[in-house]
Amino acid sequence: MAFFITSSPHAHSKKSTQTMMKMVALATIPGLLAQTYFFGWGTLLQVLLAIITAILAEAFVLKCRKRPLAPYLKDNSALLTGLLLALAIPPLSPWWLTVIGVFFAIVIAKHLYGGLGQNLFNPAMAAYVVLLISFPVQMTTWLPAKELLVEHISFMDSVWLIFHGLSQDGFSVHQLTMNVDGMTMATPLDTVKTGLKAGLTTNEILSAPIFNGFAGLGWLWVNVGFLLGGLFLLQQRLIHWHIPVSFLASLFIVSSLFAVFSPDTTTSPIFNLFSGATMLGAFFIATDPVSAATTNKGRLYYGALIGLLVYMIRSWGGFPDGVAFAVLLANMCVPLIDYYTKPRTYGHKKG
């Protein structure tokens, strides 16, 4: 009988990898539904396209590596990678953007390092950053929430915009939002960053229609949806509490300090917690067991570092949201964090 020799850690769990990946994917449903409700059918279309591309890319690499298809495709890791990347991409992005991103995530960020369990960086976020740097216009073309749209975008319009670049009536994404008051193609975080650079105060910026709520129209409920999904993951013990709690606590504390000393040029801690990809990042991205810290103390440092980096990038960086960059930078620090936080071997003195 042939036995497979695997490397450590030899962790044991009642839940298989297939089941865990499936449950994490299911936990995204509240956030996915909220994102679809406020930003249209494009979200679901991108998710479907990304999942199909991820499975095909996974099969392609497995064939090239002469690995059996069924065991690896059934673990649902490719499905989850495609899903998470699709949730971060603007809903009406061109189809080729999603295909390129997913292909990079699976082939380069995952399998180039050896496959599942060997990757140094979170594949979905590595792909997101590559897309953001390579195609900044397409990656920052977000529709405002549906309440602000003058023209209704139907399911078929979404299909045409994604695969043809124009709606059924021949309008581009920019043309469909030309009559929207305020900054139409930007997220609330982008609107804040642009407004502050123009010399406006935070209160003046938040008076724009896109801020019909303390975290931006639509984005509040999207983050609430991912928060609910994250609580489900904690309840099912699929993730450790250390990373999301330290991530959110760090972001809250730092943003609170700056809000106290400079209220006219900074946003509130609640705004930071419920804007952009905060909750998606805290519960679904940063908690990736492969690329995150492995000790409990290390997870606290790791999560706190991400929260700090998110605020720094949002406030002083070149991009409005910093979750992807923060996670990748923290991934680079994981070996150092694990080295200095590894527990003392039983029976040995510290030092």
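Heads up, the Cβ atoms here are built off N, Cα and C, so glycines get one too.
Taken straight from Swiss-Prot:
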MOD_RES   Thr187  FMN phosphoryl threonine
TRANSMEM  37-57  transmembrane segment
TRANSMEM  88-108  transmembrane segment
TRANSMEM  123-143  transmembrane segment
TRANSMEM  214-234  transmembrane segment
TRANSMEM  241-261  transmembrane segment
TRANSMEM  270-290  transmembrane segment
TRANSMEM  300-317  transmembrane segment
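By the count of Cβ pairs under 8 Å, the stretch nearest in packing to the transmembrane segment (241-261) among 37-57, 88-108, 123-143, 300-317 is 300-317. For the transmembrane segment (214-234), the neighbouring stretch richest in Cβ pairs under 8 Å, chosen from 37-57, 88-108, 123-143, 270-290, 300-317, is 270-290.
There are 22 other Cβ atoms within 10 Å of the Cβ belonging to Thr187 (FMN phosphoryl threonine). Distant neighbours of the transmembrane segment (300-317): 189, 193, 242-252, 254-255, 258, 266, 272, 276, 278, 281-282, 286, 292-293, 323, 325-327, 329-330, 333-334, 337, 341; these residues of the same chain sit at least 6 beyond its ends, with a Cβ under 8 Å from one of its Cβ atoms. Just going by CB pairs under 8 A, the stretch in 37-57, 123-143, 270-290 that sits most against the transmembrane segment (88-108) is 123-143. For the transmembrane segment (270-290), the residues of the chain that approach it from at least six positions outside its boundaries are 24, 27-28, 31, 84, 87-88, 116-119, 122, 124-125, 187-189, 214-216, 219-220, 223-227, 229-230, 233-234, 239-240, 243-244, 247-248, 251-252, 255, 302-303, 306, 310-311, 314, 320-321, 323-324, 326-327, 330, judged by C-beta separation under 8 angstroms.
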